[in-house]
């Protein structure tokens, strides 16, 4: 018994049992738009209440680190993921619709990534010292034979002593 092809889809060899657009369109749109917005709002609330809040980096504050975090998590996780999913999810629509949605999500992901990258570079340049070192160094000094060099201040941390080079 030979199955017949859908008259619209002879070139792509999709069978007649193709899902109806109206049945799956609500779940696709809910996943693509509403779930993404809810999770982005939750992440925005968490990053805004953490430490000093979200803001463009300036001299003397660490707000750029949270700005970097919210943009990276939103751009690279959600917008990039939605771009990859949207290319496969909108198969019942025309190709131009699915490719446009795919392109828009990729464009958003790239713009968020570049803004977050610029924010972290400005944050590092605005504050002359790096506060990240205090998180990696133990409070009572380093063990013997361990050496960490901070290139900006030319300081060698050796055991419990700090030596200027």
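The backbone N, Cα and C atoms fix where each Cβ goes, glycine too.
For reference, TrEMBL has these:
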| type | residues | note |
| --- | --- | --- |
| DOMAIN | 67-165 | domain 'Cytochrome b561' |
| TRANSMEM | 21-47 | transmembrane segment |
| TRANSMEM | 67-90 | transmembrane segment |
| TRANSMEM | 102-122 | transmembrane segment |
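Same-chain residues lying 6+ beyond the ends of the transmembrane segment (67-90) with a Cβ under 8 Å from its Cβ atoms: 28, 31-32, 36, 39-40, 43-44, 47, 54-57, 97-99, 101-102, 105-106, 108-113, 115-116, 119-120, 123. Same-chain residues lying 6 or more positions outside the transmembrane segment (102-122) and placing a CB less than 8 Å from one of its CB atoms are 56-57, 64-65, 67-68, 71-72, 74-76, 79-80, 82-83, 86-87.
When averaged over the domain 'Cytochrome b561' (67-165), pLDDT in the model lands at 71.
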